[in-house]
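J.: Not my notes, these are from TrEMBL:
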type	residues	note
COMPBIAS	A:1-19	compositional bias 'Basic and acidic residues'
REGION	A:1-21	region 'Disordered'
TRANSMEM	A:36-68	transmembrane segment
TRANSMEM	A:80-101	transmembrane segment
TRANSMEM	A:172-195	transmembrane segment
TRANSMEM	A:253-274	transmembrane segment
TRANSMEM	A:280-300	transmembrane segment
TRANSMEM	A:320-344	transmembrane segment
TRANSMEM	A:356-374	transmembrane segment
REGION	A:375-413	region 'Disordered'
Amino acid sequence: MTEHRDGVDAAAADPERGPRHWSAARLPRGLHPGAWWLWALGLATAASHTTNPLLLALLVAVAALTVLRRRTDAPWALAFRMYLVLGAVIIAMRVVFRIVFGGGQGEHLLVSLPEIPLPEWAAGIRLFGPVAVEQVLGGFYDGLRLATMLVCLGAANALANPKRLLKAVPGALYAVGTAVVVALSVAPQLVESVLRVRRARRLRGATGRGMRALRGIALPVLADALDRSLALAAAMDSRGYGRTAAVPAGQRAATGALVLGGLVGVCAGTYGLLDSTGSGYLGLPMLLAGLVVAVTGMLLAGRRVRRSRYRPDRWRSAELLVAGCGIAAAALTLLAGSVAPELLYPPVSPLTWPEVTPLMLLAVAAAAGPAWLAPPPPGSPSTRAPTAGTPVNAVAAPTRTGDPATSVPGGHP
Amino acid sequence: MSVLRVAPRTAVVLALASAAALATFTWPFFIPAHPESTARTGEAPLVFLVMLPVLVALVLAELSSGGIDSKALAMLGVLAAVNAALRPLGAGTAGIETVFFLLVLAGRVFGPGFGFLLGSTSLFASALLTAGVGPWLPFQMLCASWVGLGAGLLPARLRGRAEVAVLAGYGAFAAYGYGLLMNLWFWPFSLGADTQLSYVAGAPVLDNLHRFAVFTAVTSTFGWDTGRAITTAVAVVLAGPAVLAALRRAARRAAFDAPVTFAAPAPQPAPSAATPVPGAPVAASGDVTGPAVGVAPSARRGLDEQSATAEEGGQGGGSHQAPQRPAD
């Protein structure tokens, strides 16, 4: 029903956008959060399989471009900058730690710092010493890879609506998901509660500052919040929360056994993974099998929960396209790795200039797809305006990612 | 008291998952130099990064598999919101950490299962509100959950000053433990492979432990972690008694332990729809419509203790009788 109405709206609002079926697909709407996460995980997978700084910089640029074109005004969408800063911090930390604690391997000496031997309790460790280009560059490559993965996750954070994602949790996690939704809804009300209590204090002429004022405000706000939780519980009861489906005792025992058996498998697999004398079958296969069994048990246990969904998110063509772009980017990078692994992991000694192959560029192009393929976010017509300028951005971005914190100037749509 | 009953099966699941999860923190100590079971050494961190969120989800699902009472769930959500609102207060100021204080107190009052859930939901909600979702989140959630669980497992008999002292001590201990575990998780990722402080695959455990001790001492133990421990302990000592009283009062009003019984309808006029206290069925004499409904006799003392603070805040001490807004 909603789709039909939206289609009519689109035809009425944007007659110049082409045939009706196309404009219906291009309607401003929120994409399924799972699609954004799959796309971002695909990008992160691609980034995890390379240390080529050019490819990594291109991936960061693609993530930033997509965020700029497709994010909303929601608070979580504005935090992308934080991830860029965090990535820069990680790179800086890696490089600084290499300089301070590094062993000083490598031929091309950059600078020779005075050595400081540490006291006895940290025996065997000295600070500073000779700093080689290879050493610093190795730290930079590693840090850049980690930072790129982080920025990809940050893009998913900025683009996917967490509240809609919580709606899609499996039934077994329904109660916990509900608690988080309650928390997200109550948090803004706390601000209102604080303002109310402060106003009441002022009306009574209470001018206490410091610790006394804190007690006078914090405790009533806490008491108010706790009272509110009881009112909320009554409201939930009256709306039928907690209704469960009858599940036969035998099935409950079976799901319990699945979860327990799976966890035992996970423990054994972890032990096998970390045990140097362990035989092969105890390791990774056991761990993964245990996880699969336990998750199956959890999903079966979710049958007990009966709930209805209000306006569920559906997987339509745009969602499939976006998720497919991420998976294609990961697959193309893996393919590039199997064709020429030395180009994906450019060696630091001997020093070589990193190269980009057409296959890598194809992976980056696939990753950039959602910037145009995804429908524009709701409530922001201005996001369509800078279309002409953005391809230039994509090409120019690698030169600017040396300073990720500033690579999104004018980041507001 | 325990708001959330932890069945024996749940306890076993919790123990197994915690044991496996501990390995996702401590793997640098044990990882062999040339593992036959994994193709490359580099795979191990990724395997654990994928494994831990699943483990956390399993434990959370198992804890709530018996169905969470609506009052407990609302309490969980509201306390998680308070915790999530408290968290940014300390961020940015080095070492001031405000999350643990309420987590420890609530875990103490509402029991270990509730404490575990509160730790996870608080950090998850806080990550969503300030958009801090990343690979570190499941690890933070699990550590905070352990903190809440431990607070619920402290000896139940303590009251008064001894209780506050024990809670403050536990808060400081938990703050250090949390910092240590998170450092341990971040250690391989922050350093990379070849500095003198990095872990060495296949080296003796004590050798790696020594490296980690130096790393954590250099980076955070004396600054960040100590600040966090002091903040938590001081907050518990200063505000602990009042917050404990508020939480216990809420627990009594919610009447979590009350068995719900249904009796034949009495020929009285029907009570208004918005009965202020959902725990009404406790009232022993079947007096469902009285003005003090649901406040068990033993709870009166708690109310009187509380009325002073409640009045101070402009709540009029009568919030339990005021008409309730329907929450949405």
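Cβ coordinates come from backbone N, Cα and C, glycine included.
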J.: Using a threshold of three or more Cβ pairs below 8 Å, and leaving out pairs closer than 6 in sequence, do the transmembrane segment (A:320-344) and the transmembrane segment (A:36-68) count as in contact?
T.: yes
J.: Need a quick answer: max count of Cβ pairs under 8 Å to the transmembrane segment (A:280-300), which of A:172-195, A:253-274, A:320-344, A:356-374 is it?
T.: A:253-274
J.: The transmembrane segment (A:320-344): which same-chain residues, six or more beyond its ends, come within Cβ distance under 8 Å?
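T.: Same-chain contacts beyond the ends: 31, 34-36, 38-43, 45-46, 49-52, 55, 354-355, 357, 359-360, 362-364, 366-370, 373-374.
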